[in-house]
Every structure is written in structure tokens, then in C-alpha cells.
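Under the heading domain 'Acyltransferase 3', TrEMBL lists 6-326. Here TrEMBL flags 12-35, 41-59, 80-102, 132-154, 160-176, 183-204, 228-245, 266-289, 309-332 as transmembrane segment.
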Amino acid sequence: MIKRFESLDAFRGIAALMVAIFHLNVVGGVSNLAIVKNSPLFVEFFFVLSGFVISYSYGNRISNFSEFADFSIKRFARIWPLHIFMLVLFIPFALANITFGLDLGERFSLYSFISSFFLVQSLTINGESWNIVAWSISSEFYTYILFGALSLIPFFKEKAIIPLCIAVVSMLLMNIDMDTNKLILRCFASFFLGCLAFRCYLNVVIKPWMEITSIIIVITTMSLLDRQILYVLMPPLFFIVVIIFSHESGPLSKVLKIKPLQTLGVLSYSIYLSHAWFITTLKSFSIIIDKFFGYSFMRMIEGERFIDFGSSLNDLIFVPFLTIVIIFSYFTHKYIELKFQKKILNTYFSKTQAYAN
């Protein structure tokens with residue numbers, strides 16, 4: 001039976017909320033917190049955790065092309081339905097951008113739509129997506145494919161040198177000033193560190209005090225250092241966090257197993273993919289009422305729109321925002337993620353007669 005790492009699942013949910021908080025942009029205290037400003041780095045946590053979980057679940061289950069194909073379809077079925085659902089929800093914004101000149105950015109192009117539809121936006125020059133967070137879904141899908149292909153090589157399963165080399169080379173290329181899209185390199189580096197984390201999982205001794213210590217280090221590091229430095233430091237730090245919390249041996253793991261945090265973990269993918277739609281809705285609404293009524297609850301700060309009601313209570317908007325996103329995510333998880341994942345898998349495996357849990 002495949003183990004569910006409950007503590008890490010909860011962290012996935014918390015990380016998704018942090019990314020959502022970062023993207024909202026509110027004039028107030030929350031958006032000015034250093035850890036919030038650096039919350040895009042939590043995407044690296046997703047990648048490290050994904051590498052760990054995929055290695056745990058499939059490390060010894062891909063030995064021929066048929067198993068590789070099964071693995072690829074399973075991963076596609078996991079990520080594509082919700083991605084497409086959210087992409088379709090962005091169509092009205094693209095039309096409004098043309099009709100009303102909403103100035104929502106250049107990402108709402110036909111080229112961007114097509115590349116997003118086929119999950120290739122992370123392979124293009126700029127990596128832009130209608131849904132601003134969807135680049136990571138594209139990156140992760142092709143990283144899955146690379147993992148599956150490498151798993152056909154016995155040496156990859158037996159030795160740590162290949163994932164280590166991929167992680168190191170990817171991090172080096174990320175820091176070379178070259179005119180290319182580096183988004184997929186972020187995924188390669190962190191995902192294959194996650195693969196290494198799984199190989200270390202059963203070969204290290206973890207003490208309960210390590211949980212709190214590792215989280216203090218992560219929070220302190222993300223609060224004090226510049227984001228460019230963090231792109232180098234955080235993947236290895238998340239590598240350590242994943243190993244420590246995979247053992248679930250400390251007091252924080254007990255807290256992370258409470259039902260609300262476990263629910264966040266289950267809904268994390270929907271939270272991550274859906275929150276940008278609500279933010280774009282707010283931006284569009286603000287621009288439209290400003291055009292027609294001369295009132296706006298957003299203002300430009302360093303090229304970004306920030307919510308500002310002219311009140312010291314601006315930060316309170318995070319409460320209804322996150323509540324709505326979580327409720328919406330409950331329904332998208334149930335009726336989009338799970339439902340269409342099952343349909344895709346049933347269709348595929350009924351044809352191959354190789355469906356296995």
C-alpha cells in the first residue's frame with residue numbers, strides 16, 4: 001500500500017495559500033512581509049515534494065515502455081483537466097482585454113492560449129500563460145516525462161549520480177545570464193532534488209527537534225535574504241525539510257495532521273491553479289468601474305496593481321479572498337480534478353486493458 005505523507009501534504013496546502021497571498025497585492029502589512037514577497041519560492045517546495053512523492057510511488061514501477069506510457073497518462077490525467085478548466089474561465093478576460101482595453105498585460109494572446117492548451121508554455125521563449133501560475137504545471141509535466149524515460153535506465157534507479165547531476169546542472173544554468181526561458185530549469189533542479197530526498201528518506205536518522213529547527217531556518221532565510229539568492233538556497237533547504245517531515249516524528253507533524261490542514265493539502269492543486277482567476281476578476285472589475293465611473297480600488301505600485309480602499313483595514317480582504325478560493329477549490333477538486341481524471345484513466349486503460357491502481 002502506498003503511504004500518504006500527511007505532514008508534507010499539509011505543507012503543500014500552506015504553500016499554495018502563501019502563493020495566493022503573494023499574488024493578491026494589497027496595500028498594507030501582509031504584502032510587505034518579506035516572507036510573503038518571497039513566496040514564489042514555495043513553488044520550489046512543490047517541485048521538491050513532487051520529485052520525492054513520484055520517486056516513492058513510481059521509482060520501481062517503470063521498467064518498460066508500456067509502464068512508461070501508463071505513468072505518463074496518469075500524470076497527464078492528474079494535471080490537465082483542471083488546467084484546461086481554468087484556462088477556459090480566462091477566455092472572458094481575453095475578450096474584455098480586447099473590447100475594453102483593460103490593460104491586463106500581453107499574456108492574453110492567441111499564441112499564449114494555444115501554448116497553454118497543449119502544456120508547452122514552459123518550453124517557449126517567455127513562458128507566459130493566461131493563468132500566470134500554469135507555467136509550473138507545464139514544466140512539471142515534461143519533468144514527469146523525463147523522469148519516466150530515465151526510469152527505463154537501470155543505472156538511474158541504482159545510482160544517485162543522474163538526478164544529482166540534473167539538479168546541479170539545472171541550477172548552474174539558471175544562474176547563467178542567457179536569453180532563454182529558465183522556468184523549466186527551476187522544475188528540473190528542485191524535482192530531481194526531491195528524487196534524491198527519497199533516496200535519503202530511509203537512510204537517515206531524524207530527531208523530533210529537527211522539525212521545528214528546519215522550519216525556523218526556512219522562515220528566517222525567506223525573511224532576510226534577497227529572492228535571487230533564495231532561488232539557489234531554497235531548493236536544498238526544501239530538500240532537507242522534505243526528508244525531515246517525511247518521517248513525521250516530531251511535534252509539528254502532529255499539528256500538521258489536523259483535519260483542516262489535511263483538507264488544505266487535498267485542495268492544494270485547485271487552490272494553486274484557481275486563485276489567479278479571482279485576482280484577475282478583481283483587477284478587471286476595478287479597471288472597468290474606473291473607466292466608466294471614475295472610481296478605482298487599485299493603484300499602480302512599481303508596475304503592479306495593488307488593492308487599496310484607502311483604509312488601514314485593507315489586509316482584511318485576505319480573509320474573504322482565501323475563503324472564496326478554498327470553497328471554490330473544494331468544488332473544482334471534486335467535480336473537475338477527480339471526475340475527469342477518472343474519465344481519462346478509464347478511457348485509456350479500458351483500451352489498453354492494463355488499468356491498475
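Here the Cβ of each residue, glycine as well, is placed from N, Cα and C on the backbone.
Long-range Cβ contacts of the transmembrane segment (12-35) within its own chain (Cβ-Cβ under 8 Å, at least 6 residues beyond either end) map to 42-43, 45-46, 49, 132-133, 219, 222-224, 261-269, 271-272, 275-276, 279, 299, 301, 304-308, 312, 314-315, 317-318, 321-322, 325. Long-range contacts of the transmembrane segment (41-59) within the same chain, counting only residues at least 6 positions beyond its ends with a Cβ under 8 Å from a Cβ of the stretch, are 2-3, 5, 8, 11-12, 15-16, 18-19, 71, 133, 136, 140, 143-144, 147-148, 151, 157, 163, 186-187, 189-199, 201, 222, 227, 230-231, 234-235, 238-239, 241-242, 246, 272.
When each of 160-176, 183-204, 228-245, 266-289 is scored by its Cβ pairs under 8 Å to the transmembrane segment (132-154), the top-ranked stretch turns out to be 183-204. The average pLDDT for the domain 'Acyltransferase 3' (6-326) in the predicted structure is 92. Residues 43-45, 47-56, 59, 122-123, 127, 135-136, 138-140, 142-143, 146-147, 160, 163-164, 166-167, 170-171, 173-174, 231, 235-236, 238-239, 242-243, 246-247 of the same chain lie 6 or more positions beyond the ends of the transmembrane segment (183-204) yet place their CB under 8 Å from a CB of it.
If one looks beyond the transmembrane segment (228-245) by at least 6 residues along the same chain, the residues whose Cβ comes under 8 Å of a Cβ in the stretch are 5, 7-8, 11, 38, 41, 44-45, 47-49, 52, 167, 171, 174-175, 186, 189-190, 193-194, 196-197, 200-201, 204, 206, 210-211, 214-215, 217-218, 221-222, 252-253, 256.
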